[in-house]
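J.: Pasting a structure below so you can have a look.
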Amino acid sequence: MQILLANPRGFCAGVDRAISIVENALAIYGAPIYVRHEVVHNRYVVDSLRERGAIFIEQISEVPDGAILIFSAHGVSQAVRNEAKSRDLTVFDATCPLVTKVHMEVARASRRGEESILIGHAGHPEVEGTMGQYSNPEGGMYLVESPDDVWKLTVKNEEKLSFMTQTTLSVDDTSDVIDALRKRFPKIVGPRKDDICYATTNRQEAVRALAEQAEVVLVVGSKNSSNSNRLAELAQRMGKHAFLIDDAKDIQEEWVKEVKCVGVTAGASAPDILVQNVVARLQQLGGGEAIPLEGREENIVFEVPKELRVDIREVD
């Protein structure tokens, strides 16, 4: 059985930065460190940080006075940010800079009194944080997930209207929604640069190339990871058997029985150790040496806050 690896796969710059912020805070300040929401949507990462003293909470009221608080990579609303400011807390922001870009787009639209439409998945923390950047009562902020949502939507003023997107959406699905928005609201204005992040786009492009060769595609990622779900869905749409797995233990032998080629990729919040474990399990089931496919090179790095820029090896 041939094993192919998608390229790129796994951690993106925003996830790397967010995890480093929590790790460095633990090294510098010691446990406990409070993190609002899972810092990234990966069970292995969250469990590892929890074992080292990170406490994951959903409400600022759960954080004691004088504590260290970190916002997750998904970002938070202005209301949450203001609540944290009102408390005796030391706050570090692990929001992905590419999510912050979308926040700024919404905030600008709010200041101008333009209504805004966000394309995203209801209930996702990134969506909640982005929607929470809009505060102008004279305007409006709306959420759509599909072309059907667009055709049902009514706004106050179609002449002053803009749209943004969640950063981890399906590129193809989002294109369909944007097409519907432009037909429904001809004067709507979009972002100068695509809101779907480079890592999401690159990983979807990579899984498309992977699925062209593999009969079965395994996506390493947690069930609550938006970008990981989109990878599995894309492979399924291409007619392949695709499975979203947290780790090697989730692999069922019948998935790869008599399969000649299996492809492996990982969502942007899944560490490479999990991919290595999956490959090892596939090799136990008859797989050969893993072959990485050619793909787009990624060299983007997002710096941690200057207060946390320390070599953790130097910290006792």
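Every residue gets a Cβ built from N, Cα and C, even glycine.
The active site, proton donor feature in Swiss-Prot is assigned to Glu126. Per Swiss-Prot, [4Fe-4S] cluster binding site is recorded for Cys12, Cys96, Cys197, and the stated evidence type is sequence analysis. Here Swiss-Prot flags His41, His74, His124, Ser225, Ser226, Asn227, Ser269 as isopentenyl diphosphate binding site, drawing on sequence analysis. Swiss-Prot lists His41, His74, His124, Ser225, Ser226, Asn227, Ser269 with the feature dimethylallyl diphosphate binding site. The (2E)-4-hydroxy-3-methylbut-2-enyl diphosphate binding site annotation in Swiss-Prot covers His41, His74, His124, Thr167, Ser225, Ser226, Asn227, Ser269 and is backed by sequence analysis.
For each listed feature, how buried is it and what is near it?
T.: DSSP assigns Glu126 (active site, proton donor) to a helix in the three-state reduction.
Proximity of Cys12 ([4Fe-4S] cluster binding site) to non-local residues of its own chain (separation of 6 or more, Cβ distance below 8 Å) is seen for Cys197, Tyr198, Ala199, Ala268, Ser269, Glu298, Ile300, given in sequence order. When secondary structure is read from DSSP and collapsed to three states, Cys12 ([4Fe-4S] cluster binding site) falls in the coil class.
According to its DSSP assignment, Ser225 (isopentenyl diphosphate binding site) is coil.
Taking Cβ-Cβ distances under 8 Å and a sequence separation of 6 or more, the neighbours of Ser226 (isopentenyl diphosphate binding site) in its chain are His41, His121, His124, Glu126, Gln166, Thr168, Leu169.
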J.: Given the binding-site residues His41, His74, His124, which one has the fewest other C-beta atoms within 10 angstroms of its C-beta?
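T.: With the binding-site residues His41, His74, His124, fewest surrounding Cβ atoms within 10 Å: His124.
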J.: Looking only at Cβ atoms, how many others are within 10 Å of the one on Thr167 ((2E)-4-hydroxy-3-methylbut-2-enyl diphosphate binding site)?
T.: 28
J.: Using all protein chains in view, find how many other C-beta atoms are within 10 Å of the C-beta of Ser269 (isopentenyl diphosphate binding site).
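T.: By my count, 32.
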J.: Applying the rule Cβ within 8 Å of the centroid of the Cβ atoms of His41, His74, His124, Thr167, Ser225, Ser226, Asn227, Ser269, what extra residues of the same chain belong around the (2E)-4-hydroxy-3-methylbut-2-enyl diphosphate site?
T.: Val40, Glu126, Thr168, Asn224, Ser228, Gly267, Ala268
J.: Give me the sequence-ordered set of same-chain residues, not including Cys12, Cys96, Cys197, with a C-beta within 8 angstroms of the centroid of the [4Fe-4S] cluster site's C-beta atoms.
T.: Ala13, Gly14, Val15, Ala73, Pro97, Leu98, Val99, Thr167, Thr168, Tyr198, Ala199, Thr200, Ala268
J.: Between the Cα atoms of Thr167 ((2E)-4-hydroxy-3-methylbut-2-enyl diphosphate binding site) and His74 (isopentenyl diphosphate binding site), find the distance and write it as a whole number of Å.
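T.: Cα to Cα, Thr167 ((2E)-4-hydroxy-3-methylbut-2-enyl diphosphate binding site) and His74 (isopentenyl diphosphate binding site) are separated by 10 Å.
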